[in-house]
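Asker: I have a structure here, written as C-alpha cells, and I will follow up with some questions on it.
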Amino acid sequence: MFTAFLIKYAEIGIKGKNRYLFEDALVRQIRFALKPVEGEFDVTREQGRIYVIAGSAFDFDETVGALKRVFGISGICPVVIAEDEGFEKLAQDVTAYMDCQYPDKNRTFKVNVRRAKKSYPMSSMEANSELGGRLLDAFPELKVDVHKPDIMLNVEIRNRIYIYSDIIPGPGGMPVGTNGKAMLLLSGGIDSPVAGYMIAKRGVQIEAVYFHAPPYTSERAKQKVIDLARLVSRYSGPIRLHIVNFTEIQLYIYDQCPHDELTIIMRRYMMKIAERIGKETGCLGLITGESIGQVASQTIQSLAATNEVCTMPVFRPVIGFDKQEIVDVALKIDTYETSIQPFEDCCTIFVAKHPVTKPNLNAIKRSEVKLQEKIEEMLETAVNTADAVTVS
Ligand code: ATP
Ligand code: MG
C-alpha cells in the first residue's frame, strides 16, 4: 500500500542558510543509506519537505530500517500516494486507508488536510469536515478528537495526494556532513565504536585510525576493527580507516621506559599519531571511547596525562557512562557481538601487572626523554606507512 515516506526532521537551529546545508546533507545521507536496499528510490525535496518515493517494489521493513540509521531524521511517515481524481475518489481512498491501517476502529481521529495545490476546488477546512464526516459514516465506532486524537490522518493535496498517519521515530541528531570531521581512535573494544556513533550522530563525519602491532596482534584482530568500522559506517556513511603499524614504537617504549608507565606513554603516542593523521586529513578533533575510571589508563590523572599531548579537542562522548550504559548502546547499534570477539588488542599485549593509576606528568615526561633518539623518526614512519581502507 505505501509507496513513499515523508521524512520529518527537527528544525531547531537550522533556519536560514543553514537549512539548505542541513537538507542537502540529509538527502545525501538518505540516498547513501538506501543504496543497499533493493528497489529504486527517488529522494526529493519540495516545499520544505523531504520525500522518499519508491519507484518499484521494495521491502518496507528493510527500507524503514535503513532510514532509521540516518541521523537528522526525527520521524519516518509511510505515505500512500493517490492520483487526484476528484473529491469522491479522495474520500474513497481515505476511507480505504483508514480501514486497512486501523482494523480496530475503537479510536479517536482527526483529519488534517494541507492544501499545497491552491487550485484545488475545496478549502482545507471544507475538506477536513467533509472527509471527517465520510469516515464517521463509514465507521461508526470512530470518534473525533481535535485535541489529542489517537490517529492524526494527514492528507496533503499536491499534484498528487499524500495520505499518512503513522510516525516511526528516527534516530534524531544531525545529518553527517553538517559538522565537520573528526578522527576516531578505533580499537576492537566495545567503547570506541559507540563513541564514533555518538559523535557521528551530531553530524560529524568520521575518519578512523587503528594501531596494530603485528605479529603481537593478528590479522583477525585487524579484520575485527575493519568490521567494526563498517558497522559504524551504516550510520555515519563511509569511513576511511587508517591502519598504523605500531609495533616498533611499542617495542621501543617497552625497552626504554619503566613498565608501569607503558600504557600511558603508549597512549600518548597513539594520540600524537592520530592527531598528525587527523591534521593531514582535515579533522578538527579526536574521538576516543574513554570513560572515567574504567581502567588504569582512564583515571582522571591518566586522562589528563594522555590529553596533554594533543592540541586538537578530544571528544570522549562516553566519558560519564557506566560500562553497562555503553554496552546498551553497542547492542542497539549492533556492534556488541563483533566487539566481544576474543582477539588480542595491542593495548593489552604489553600491559604491566601494576600500571600506574595516578601518573605524574613530570615523571612521564622524564621517561619519554629516553625515547628522544629515535622516536620522532619512528612517528614519521608510522604516519607515512599507514595503510588506509575506506569501508562502507
Ligand atoms: P575500547 O573498548 O574502545 O577498546 P577500552 O575500554 O578497551 O576501550 P583502552 O584500551 O584503554 O580502553 O583504550 C581507550 C581508548 O583508546 C579506546 O576507546 C580507543 O578510542 C583508543 N584505543 C585503544 N587502543 C587502540 C588501538 N589499538 N587503536 C586505536 N585506538 C585505540
Ligand atoms: Mg580497548
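Note: Cβ is positioned from N, Cα and C throughout, glycine not excepted.
So TrEMBL says this about it:
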type    : residues                                 : note
DOMAIN  : 61-168                                   : domain 'THUMP'
BINDING : L185, L186, Y210, F211, R267, G289, Q298 : ATP binding site
Asker: In the domain 'THUMP' (61-168), how many residues does DSSP assign to helix, to strand and to coil?
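Answerer: Helix, strand, coil within the domain 'THUMP' (61-168): 37 helix, 32 strand, 39 coil.
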Asker: Among the binding-site residues listed here, L185, L186, whose Cβ has the fewest other Cβ atoms inside 10 Å?
Answerer: L185
Asker: With every protein chain in view, what's the tally of Cβ atoms within 10 Å of the Cβ of Q298 (ATP binding site), excluding that atom itself?
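Answerer: Summing over all protein chains shown, Q298 (ATP binding site) has 22 other Cβ atoms within 10 Å.
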Asker: Which residues of the same chain, at least 6 positions away in sequence, have a Cβ lying under 8 Å from the Cβ of G289 (ATP binding site)?
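Answerer: Listed in sequence order: L185, S187, G189, I190, D191, S192, P193, V194, A195, R316, V318, I326.
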Asker: What is the number of other Cβ atoms found within 10 Å of the Cβ of R267 (ATP binding site)?
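Answerer: Cβ-Cβ neighbours of R267 (ATP binding site) within 10 Å number 23.
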Asker: For Q298 (ATP binding site), which of the three DSSP-derived states applies: helix, strand, or coil?
Answerer: helix
Asker: Counting across all protein chains present, how many other Cβ atoms fall within 10 Å of the Cβ of F211 (ATP binding site)?
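Answerer: The answer is 28.
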